[in-house]
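Accompanying notes for the structure given below.
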Amino acid sequence: MGKAFNIFLATFAATGSFLFGYDSGVMTDVIASQDFLTFFDTNSSSPIIGAINATFSGGAVFGSLMGGLTMDRFGRKKTVQIGAVIASVGAILQCAAYNLAMMLVGRIIAGWAVGLMSMSVPVYQAECAHPKTRGLIVGLTQQMIGVGFIVSTWIGYGCNHAPDTSSVQWRFPLAFQVLPSLMLLVGLIWLPESPRYLIEIGKEEEAMRVFRKLHHDGSNEEWIQSEFLEIKTTITEEKAISVLGWLPMFKIPMWRTRLIHGTLVQVFTQLTGVNVINYYQTIMYDALGFTGHKAVLVAGLYNIVGPITNFFFIVFVLDRVGRRKPLLFGAVGITIALICEAVLNSVNQNGTERGSSIAGVFFIFSVSVIFSLSFGPISWVYMSEIMPLSIRGRGNAFATGIGNWLVSTLFAQVSPIALSHIKWKYYFVFAAFNIVITIPTIALYFKETKQLSLEEIDLLFVKEDGRRISVDQGTLARERERKRSVHTMNEGKETEGTLQYEKSAELRDALPGSFLNGVKV
């Protein structure tokens with residue numbers, strides 16, 4: 001089946017990302033519902049609205065961290081299914097809420113589910129992807145997040161035309177989440193587990209069947225055998241030094257470095273300010289003079305622009321240009337757009353200058369376009385591909401939970417207050433962070449990972465004699481040959497808890513003896 005099946009698997013698994021986008025975007029329209037505001041006795045810029053969004057993000061923190069445990073114990077696919085079950089519960093509580101406490105609990109549970117799926121879906125996709133199309137495959141995460149925003153906005157826009165005394169305005173959009181949750185839960189039954197996870201748990205024959213189904217095109221049998229051997233040998237080596245718990249990934253230098261990279265790309269994504277726009281754009285449009293149904297309509301158009309741009313980028317550009325250059329472009333471009341937005345708002349504080357209002361909407365839309373050409377897809381791709389198997393579950397859990405959702409929780413709570421009090425000056429918070437921290441960090445420290453296998457990416461973070469090694473074609477060829485030799489040498493010689501394995505000096509020095517668990521070096 002090859003590439004077509006791989007894309008289908010990644011797209012269907014990204015239904016979990018659709019739920020991420022839908023549940024994040026649905027509150028944009030819900031807080032614009034007059035019946036919702038009346039029912040909960042609040043207004044669109046109150047701390048209560050911030051609390052509803054913040055509890056969602058807070059729940060996602062714990063959901064992401066939970067994924068670090070479930071992915072290693074139950075696998076990638078079952079973790080996504082667990083998230084789908086939890087999402088259904090959260091949706092039911094939200095749509096049936098009869099007081100604020102019930103709504104907040106529903107949002108926490110929904111966030112818990114989205115956090116779990118937001119870290120597990122990209123890992124599942126990355127482990128199933130071909131190195132040359134991994135940007136496209138994992139980029140489908142962001143694509144489906146965008147589609148989720150689109151669907152939530154237009155469902156919300158339609159329901160917003162119900163009478164202001166009707167709870168259909170907000171209960172139906174919240175209830176709709178149950179449908180994709182059940183589709184994901186049932187549909188994944190017929191899709192395979194990640195071949196890398198299957199190798200890790202000793203199901204090598206099944207792993208090879210899945211690997212061939214994902215990548216065989218009728219003419220690449222030699223590549224299938226070679227790549228599978230490299231994956232198997234790397235996983236065998238990593239299992240020989242695998243350790244329990246979360247502490248080692250902070251103590252071992254090359255694991256810590258990769259954890260920092262994965263976490264920072266998520267932090268930088270939040271500090272673009274794009275999720276503040278996603279949550280509170282109707283408030284921003286109100287400041288520009290677009291109110292009521294018109295604000296919801298503009299929000300609907302905004303949510304279409306990003307996914308269209310993202311689709312073009314992941315299909316035609318990402319796997320060609322790599323990761324670093326688009327991230328730098330995104331950081332610079334979004335900073336310029338935010339500064340322009342702040343200036344326009346400062347001279348049009350009453351929203352009465354039509355030209356300035358239209359220009360203000362243009363620059364808000366520009367943030368979405370630039371984000372979709374950079375941080376949107378790449379944050380998920382880069383995070384999921386740089387983590388080694390030994391810490392892939394826990395590492396992605398930490399990066400997503402802390403880097404993405406904890407930071408998102410902060411801004412979800414403070415943003416409506418900031419937009420109400422300091423107004424246009426709030427944009428400068430994000431612009432300043434990009435200039436001072438994001439751009440220099442990406443330029444100086446981030447790695448280029450395009451078209452490298454997950455096993456080859458390991459070499460980018462390995463040191464010899466305290467120096468980074470140069471990862472060129474010669475280095476990759478020598479590493480493949482070394483792994484073949486190790487595999488041949490150990491064929492039939494492995495015993496439980498004992499493996500002949502040449503660990504790098506950095507890893508050997510970093511691992512305390514108690515971590516080795518009987519491994520013979």
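From the backbone N, Cα and C atoms, a Cβ is placed for every residue, glycine too.
Summarising the annotation, TrEMBL assigns signal peptide to 1-21.
Residues or ranges marked as domain 'Major facilitator superfamily (MFS) profile' in TrEMBL: 9-450. Mean pLDDT for the domain 'Major facilitator superfamily (MFS) profile' (9-450) in this predicted model: 92.
According to TrEMBL, the feature transmembrane segment maps to 48-70 (among others).
Residues annotated as transmembrane segment in TrEMBL: 82-101 (among others).
According to TrEMBL, the transmembrane segment annotation covers 107-124 (among others).
The transmembrane segment annotation in TrEMBL covers 136-158 (among others).
For 170-191 (among others), the entry in TrEMBL reads transmembrane segment.
Per TrEMBL, the feature transmembrane segment maps to 259-280 (among others).
Look at TrEMBL and you will find 300-318 (among others) tagged as transmembrane segment.
With a threshold of 8 Å between CB atoms, the same-chain residues lying at least 6 positions outside the transmembrane segment (327-347) that come near it are 265, 268, 272-274, 287-288, 353, 356, 359-360, 363-364, 366-367, 370-371, 373-375, 378, 382, 423-425, 427-428, 430-431, 434-435, 438-439, 442-443, 446. Taken from TrEMBL, the feature transmembrane segment covers 327-347 (among others).
The transmembrane segment annotation in TrEMBL covers 359-383 (among others).
The transmembrane segment annotation in TrEMBL covers 395-414 (among others). Here the transmembrane segment (395-414) has Cβ contacts under 8 Å with residues 47, 50-51, 53-54, 56-58, 60-69, 71, 111, 115, 118-120, 122-123, 246, 249, 255, 258-259, 262-267, 269-271, 275-276, 279, 379, 383-384, 387-388 of the same chain, all six or more residues outside its ends.
Marked as transmembrane segment by TrEMBL: 426-446 (among others).
Across 107-124, 170-191, 300-318, 359-383, 426-446, stretch 359-383 shows the highest tally of CB pairs under 8 A with the transmembrane segment (259-280).
By number of Cβ pairs under 8 Å, the transmembrane segment (48-70) is matched best by 107-124 from the list 107-124, 136-158, 426-446.
Note: the stretches the transmembrane segment (300-318) and the transmembrane segment (426-446) are not in contact (fewer than 3 CB pairs below 8 A, sequence gap of 6 or more). Under the criterion of 3 or more C-beta pairs below 8 Å, with sequence separation of 6 or more, the transmembrane segment (82-101) and the transmembrane segment (170-191) qualify as touching.
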